[in-house]
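Residues or ranges marked as Ni(2+) binding site by TrEMBL: HIS87, HIS89, GLU93, HIS132. The annotation Fe(2+) binding site is assigned in TrEMBL to HIS87, HIS89, GLU93, HIS132.
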Amino acid sequence: MQAWFMDDSNEDQRLPHHRNSKELVTVDNLAELGVLYWKLNPKKYENDSELGKIREERGYDYMDLLDLCPEKVSNYEEKLKNFFTEHIHKDEEIRYCLAGSGYFDVRDKDDRWIRIWMKPGDLIVLPAGIYHRFTLDTSNYIKLMRLFVGEPVWTPYNRPQEEHPVRKEYIKSLNHKFRESIQAH
């Protein structure tokens with residue numbers, strides 16, 4: 001997994017969008033935003049004890065697979081446009097890349113876009129309430145495992161959502177983490 005701050009270009013959303021001077025973002029930086037990451041073996045996802053342990057510990061009892069590419073998805077362009085609209089969810093968004101690649105973009109505490117490039121073996125958890133969006137890269141293909149606690153609810157709440165209770169809770173947790181980091185130094 002690689003992550004970086006994005007430029008402000010309106011070029012093709014499937015391009016990397018590095019800034020002129022690349023600004024990489026670490027897994028620890030993402031964790032400060034509540035984004036969790038694991039590197040797993042996508043070849044053994046059906047019998048992976050590490051994936052099983054994560055699912056058990058975090059209560060992910062629902063799972064499905066999604067092949068996202070022009071040949072396998074009806075209304076592909078429309079779906080990709082919807083995925084790329086900035087939004088939040090009331091629940092975590094859990095994605096495990098099994099094949100192909102794509103980008104999840106998340107907002108940092110200063111409202112800057114961070115692009116997360118997911119490749120096979122990358123599992124990420126986006127916290128409820130974080131502004132984010134998704135797009136494929138120029139490969140135009142990704143196979144994702146979607147995990148969820150209970151029955152999945154895929155309802156996006158498009159920005160602005162500053163008054164949404166889950167957004168307020170997310171901001172509150174960020175502020176708490178920020179205060180703790182200051183006290184630790």
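Residue numbers in this text run from 1 along the chain shown.
Placement of Cβ uses the backbone N, Cα and C atoms for every residue, glycine included.
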What other residues of the same chain, not counting HIS87, HIS89, GLU93, HIS132, have a CB atom within 8 A of the CB centroid of the Ni(2+) site?
ILE88, LEU126, ILE130, TYR131, ARG133, PRO156
Counting Cβ neighbours within 10 Å across all chains shown, tell me which of the binding-site residues HIS87, HIS89, HIS132 comes out on top.
HIS132
Near the Cβ of GLU93 (Ni(2+) binding site), how many other Cβ atoms are there if near means within 10 Å?
22
